[in-house]
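According to TrEMBL, the protein carries these features:
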TRANSMEM  12-41  transmembrane segment
TRANSMEM  61-80  transmembrane segment
TRANSMEM  92-116  transmembrane segment
TRANSMEM  211-232  transmembrane segment
TRANSMEM  244-262  transmembrane segment
TRANSMEM  282-303  transmembrane segment
TRANSMEM  324-339  transmembrane segment
TRANSMEM  345-365  transmembrane segment
TRANSMEM  386-406  transmembrane segment
TRANSMEM  426-446  transmembrane segment
TRANSMEM  458-478  transmembrane segment
TRANSMEM  490-517  transmembrane segment
């Protein structure tokens with residue numbers, strides 16, 4: 001029997017795909033629609049595999065596979081990026097958008113073929129659909145990509161295959177298939193870009209903050225893989241192992257990551273970072289303000305844990321308590337978006353590296369803080385943290401930061417896109433910081449009419465849409481660089497569709513919603 005919430009979620013995704021291609025229609029539109037149709041059918045094969053325990057790896061329970069919404073994110077991002085850069089006349093990034101779209105389609109198609117291949121009996125109709133979609137995509141790629149671009153797409157696919165086999169084995173129940181596609185696909189693309197740029201370094205080419213993001217992401221991932229393999233052979237909870245962890249972190253950081261970054265930016269990374277952070281008085285004020293907010297977030301964690309100690313019956317933080325962090329993150333990002341987006345870009349990269357490093361300390365029980373972190377963070381776990389890693393706070397940071405990192409600065413001569421595209425950097429703030437937070441708070445406290453087949457409420461969704469419209473109005477007042485050019489109807493449609501997706505999706509909404517809102521606004 002078909003799952004009604006999954007059908008509604010799929011319908012919303014189809015509407016978004018059609019909306020985007022109503023504005024941006026070219027040869028890649030046929031590929032995207034073919035991919036969406038086959039992902040819809042394969043999604044139910046994945047769901048059946050998960051229910052019967054027939055999947056090769058252990059995926060997150062209490063959620064569907066999420067293959068359709070995840071499959072469309074990277075291709076749509078590439079397509080809208082291509083169109084924006086084409087209109088700006090930036091050929092290099094236009095070609096880059098084509099590579100992103102092609103890579104996303106091929107990786108999603110690969111995941112679909114895996115599901116079809118291990119389903120018994122073999123689903124004939126789904127195989128035919130997958131074959132047709134694959135033929136359309138490969139035919140289009142053949143007539144669109146150069147030889148070097150085809151090699152680049154295949155390199156990302158190869159990295160994705162190996163990375164998936166390693167991480168899905170080491171981290172059971174941390175992802176759904178759709179979340180694995182997004183996260184591991186993104187890491188694979190970043191790793192390939194870093195290798196490509198490292199082999200073709202041209203002095204003066206490239207923005208140092210882009211290199212900083214690539215090296216930081218790849219560095220923390222490689223660090224995690226190294227220690228995971230190492231601690232298979234030794235107990236990570238001893239003082240000797242903990243000292244070795246800190247020593248090797250310093251060795252890898254100073255001996256591998258820093259020289260790698262030095263090769264890319266052609267200057268001392270530490271001196272560059274310090275000069276960048278304290279370059280202007282505005283940046284100093286922002287850093288002081290962000291330090292205060294970080295201390296406030298830590299205060300909330302300590303206060304809630306002290307409260308748990310005094311109230312033995314209460315084991316988990318409430319939804320409203322967890323949304324405190326959403327409010328703090330909104331208060332962090334809005335001043336950065338208004339006054340200094342480059343500083344926000346770098347600060348978000350640093351924060352991501354710190355979050356992942358602290359998660360390593362908690363996961364491996366590294367002394368002296370590993371056990372303390374386990375105790376403090378256990379209060380804020382929810383059903384999505386069913387694996388060995390706690391990822392919800394990292395997903396929150398990613399959801400707010402990805403629109404800033406993925407903003408096509410080179411295709412925006414004045415630092416901002418025209419029309420609804422001017423709100424692209426605010427996608428995370430609107431979708432997660434405002435929409436998701438308001439929907440959860442009002443839905444859990446005042447909501448009575450539930451959307452069919454879900455725990456989400458009609459009142460929560462409507463309040464979220466209304467709150468995001470108010471937030472857009474406030475952005476127009478306080479950020480003079482935003483000029484919407486009368487694209488209010490498109491913004492309302494984008495916000496409404498993403499809010500409806502939030503009501504029906506079982507995937508990590510902190511990651512999925514900002515990306516879909518960014519796609520809609522960039523289109």
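First residue shown is number 1, and so on along the chain.
Placement of Cβ uses the backbone N, Cα and C atoms for every residue, glycine included.
TrEMBL: automatically predicted annotations, no manual curation.
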Range from 61-80, 92-116, 282-303, 324-339, 386-406 with the greatest count of C-beta pairs under 8 A to the transmembrane segment (426-446): 324-339
Contact between the transmembrane segment (324-339) and the transmembrane segment (61-80) (at least 3 Cβ pairs under 8 Å, separation 6+): no
Residues of the parent chain within Cβ reach of the transmembrane segment (211-232), under 8 Å, 6 or more residues beyond its termini: 166, 170, 187, 190-191, 193-194, 197, 241, 245, 248-249, 252-253, 256-257, 260-261, 264-265, 269, 273, 345-346, 349-350, 352-353, 356-357, 360, 364, 405
Proximity verdict for the transmembrane segment (386-406) and the transmembrane segment (458-478), three or more C-beta pairs under 8 Å: no
The transmembrane segment (12-41) touching the transmembrane segment (92-116) per 3+ Cβ pairs under 8 Å rule: yes
Criterion met for the transmembrane segment (490-517) and the transmembrane segment (61-80) (at least three Cβ pairs under 8 Å): yes
Within-chain partners of the transmembrane segment (345-365) [C-beta distance under 8 Å, separation at least 6 from its ends]: 209, 212-213, 216-217, 219-220, 223-224, 227, 231, 236-237, 241, 245, 249, 273, 276-277, 287, 290, 336, 371, 373-374, 377, 388-391, 393-394, 397-398, 400-401, 404-405
